[in-house]
Every structure is written in C-alpha cells, then in structure tokens.
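Look at Swiss-Prot and you will find Asp255 tagged as active site, proton donor. Swiss-Prot lists His278 with the feature active site, giving similarity to another entry as the kind of evidence. For Asn185, Asn225, Asn263, Asn275, Asn302, Asn329, Asn354, Asn366, Asn436, the entry in Swiss-Prot reads N-linked glycosylation site, with the evidence type sequence analysis. According to Swiss-Prot, the feature repeat 'PbH1 1' maps to 295-316. Under the heading repeat 'PbH1 2', Swiss-Prot lists 327-348. Sequence annotations record features per position, and here Swiss-Prot assigns repeat 'PbH1 3' to 362-405. Per Swiss-Prot, the feature signal peptide maps to 1-16; the stated evidence is sequence analysis.
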Amino acid sequence: MKFFALAALFASTVNSIAVDGLIPGARVIPANDVVALKKAGAYHQKHHHRRTVIIRSSSSDEDDVSADFLWGIKRANHGGRLLLQNGKKYVIGKKLDLTFLKDIEVQLDGELKFTNDVPYWQANNFYYDFQKSISFWRWGGEDIKIFGSGVLNGNGQRWYNEFAGQEILDPNNKYYRPILFVTENATRVSVEGITQLNSPCWTNFFVRTKDISFDNVFIHAYSTNASALPKNTDGFDTLNVDGLTVTNTRVDIGDDCLSPKPNTTNVFVKNLWCNGTHGASMGSIGQYPGVLDIIENVWIENVTLLNGENGARLKAWAGPDVGYGRINNVTYKNIHVENTDNPIVLDQCYFNINATQCAAYPSRVNFTNIVFEDIYGTSSGKRGKVVADLTCSPNAVCSGIRLKNIHLTSPAGSPPVIVCDGIQGDIGVECQSSSNSTTRRSVDLARSLKYRA
C-alpha cells in the first residue's frame, strides 16, 4: 500500500511540475514584490500591481516564441499580467487561439511581431466567412486589458507586394491576408497606448464582442514599394458588436479609418485623427442576399480627416443579389476635413457598381436619423464643386437626414455644391438635385470616380 501511495504522490508531483513549473527563460514576479516589478519594467502608476509573468524574447526574426507566449498567457490568466519587455522582440510564427481568457493584462512595451511566412499563414489561420477574412490569432473571454508603449507588428510588406493589383472583394480572390488583431466572443476588452503597425489586411476586427475600447493608440500602415500599397488596412472593423469606444487615436493607413460593419450598436468615437484614409465610415452593410444588417446608435465627435477619399461616409451595397437593413441614429459632430475627395457622402451604390446597374438594382438599406453637424474644411477638388453627395436609393428610405453648420469649400471654385436626391424632408441646408444642369458636371465627375472601395 505504501508503494502505491508513494507512486501516486510521485505522479501527482510530476504532473504539478509539468503544469506549474517554469519554462526556460521565464519567471513569475509576485504582485507584492514592488522592487522586482520596478526592475523588470512591470511597475505602472496607472495599473494596479499584479502577479507578473515574463517570457524569453526572440533572438532573431526566425526565433518563434509562440509556445512561450501561449504559456505566458495561460500563466497570467485569472488575475495576472504578461509583460513583454521594452527593447525586446517577440516573434509569433504559429496561429494562437486565445479565447479562454478571464481577468488578464498584457503589458506590451516591446515588439510583438508576426512572421511573414505567407504559405504557412494561408494554410493555418482562423477563417471568417464575412468577406473571406482570416487572422493570425483570436482573443476571447472577459476582462482583457492590453496596454503599454510597444508595437504590434503585422510585418505586412511581403503581403502588400504579393497582393498588388488584386481586390479583396473580388469573388475569385484566393490570396487571403491575416488581420492583425481579432476578438471573438469577448466582453470588456481594452487596448491602450500601443502602436499597431503594418497589418497585412484589416488592422482590427471585432466579432461577437461586447464593450471594447481603444484609447491613445497609433495605427500605421506603410509600404516601401510604391507599386504595392497597403490596401484594405482598415483601422476598426466590427461584426455583431455592442459597445465600441475609440478615443484619442491616430490612424495613418490606406483604407477606412473606422468602419463598423453588420449588426454594430452603441459606438462612441472622440478625438480621432485620420490621414490618407477612406473616411470615418458606417458600413458597408447589406452585402449578403436576404440578410438583415443594422448599424445603430453611433456618436462620432472631434475627428480630423486629412488627404483621403472620404470624410463622413455611410455605405450600403446595391446590386441584384444583396441584403437589406438600416443605418440609424448616427451623429457626426465637429469634423475637420482637408484635401478630402468626398467630405460628406451617402453611398448606396457600393461596391464597384456603376450608376446604370445601381438604378436597376438599388440598395435596400435605409438611412435614418443621420446628423452632420459642424463639418468644416476643404475638399480636394477632384469632385469639382461637390462637397457633399447625399443620394438615396429609390428602394430605401432616407429620412431624418440633417446638416447643421456646414462650412466646406472646394478649390474647384465657389459656391460649393451639396447634392441631395431621394431624401425625405428638409435636410437643413440648401441643396441641389443632381439633375440640375448647373451641378450635373460636378456630380457626374464625382460619381464616375466614386464607384470603388
């Protein structure tokens, strides 16, 4: 009996070591060891002390620490913190399922960088049917906090080079590119202070997520190859999300600065700076046949939009096989635009559908209770004198559309033109139909250049 008892104790001890023992290069600092926390860089005035886990860093861009990172996440879960230290690089070369999280912090002060092994990632990823999206990893659970002064690096240049000339929404596209940061089935997620760099595709995608916030984040995507731009690198995309807050954030990318997508509610954005983007957009929605999509209860305030295609934009699909829905109760307030092609636009002829096709198969997405207030600055002049194009589909309702204190000019000349077609009721400012002969030339120019992503 003693032999069996000793054997059982030995087995139990071995299992305990396997689960709880440290892996090479790792250590755990207790929450009450303030001296050690300060020395490691984990002491933070704004965040409470926590049990802090440190893992080894990569010795080169080929040194994959995915297994170490996963171990560190599991060890820090349930009340701890994973510290990725300043001046160190952590290379991730394997897909990671992080949907088991509860009460965890990740302090990113170093660089977390994905490999650019295109064949591996295209064969090993998390796939989403919506617009054929894939991701390196996915984060889920509840009470997840990521903060620090470090960089989350998507290492996108190879992806940009190889995707050049292709289109993400082409039905024949098979070159899928990973999204940099994805949450799925997550509640109460916050991201603060970090930089998100060179995502291969969208920068952030939140799926079935509730109450997620970004504050003081810098999102940047650039290419060293002038013929291979960082396409489709949206700042924020959502699907089935309730509660998104973005504050004090800068976005310098090649697509939508902000783009809530189907079934997104309760969005708050304040102090957002966007350069070279496709705008602070709502949508697109209504893409899939027979599917109801909504975006509702959105407040966007104090936004600067520079050198982009669009400023404040709502977009919905049209065509023979599309869905239906609504964008309702959206306010854009105190929006500054400079050198922007379309400062204000309601686009119900999305995506890559010309005016003739759009007239034959109009959108079935309603735009209701949309306010544009205190919008000022200059267009690029590429659309002539048109500074706002508000054109509603004959199959949809556009009501409660209001413009207040609009001070927009165009280098193409004065007076600036606001176009409104198919809008129910008074919009609050003087506007002209696109059929007006004095505006037709500018409108035709605007729309000939608008039918693109």
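The backbone N, Cα and C atoms fix where each Cβ goes, and this holds for glycine too.
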Residues from the same chain, set at least six apart from the ends of the repeat 'PbH1 3' (362-405), whose C-beta lies under 8 A from its own: 283, 285-286, 293, 311-312, 314, 316-318, 322-346, 348-350, 411-425, 427-429, 431, 434, 439, 441-443, 445-447, 449-450
Between Asn329 (N-linked glycosylation site) and Asn185 (N-linked glycosylation site), the C-alpha gap once rounded to whole angstrom: 26
Residue from Asn225, Asp255, His278, Asn366 whose C-alpha is spatially nearest that of Asn185 (N-linked glycosylation site), among the recorded positions: Asp255
Chain residues outside the repeat 'PbH1 1' (295-316) and at least six past its termini with a C-beta under 8 angstroms from it: 257-258, 260-286, 325-348, 350, 363, 365, 367, 370, 372, 375, 393, 396
DSSP-assigned states of the repeat 'PbH1 2' (327-348) in counts, ordered helix, strand, coil: 0 helix, 21 strand, 1 coil
Listed recorded positions Asn225, Asp255, Asn263, Asn366, Asn436, filtered to Cα within 10 Å of the residue listed as 'active site': Asp255
CB within-chain contacts under 8 A for Asn366 (N-linked glycosylation site), separation at least 6: Gly325, Arg326, Ile327, Asn328, Ala396, Val397, Cys398, Ser399
Within the repeat 'PbH1 3' (362-405), residues counted as helix, strand or coil by DSSP: 0 helix, 29 strand, 15 coil
Neighbour count (Cβ, 10 Å) for Asn302 (N-linked glycosylation site): 16
Between Asn302 (N-linked glycosylation site) and Asn225 (N-linked glycosylation site), the C-alpha gap once rounded to whole angstrom: 33
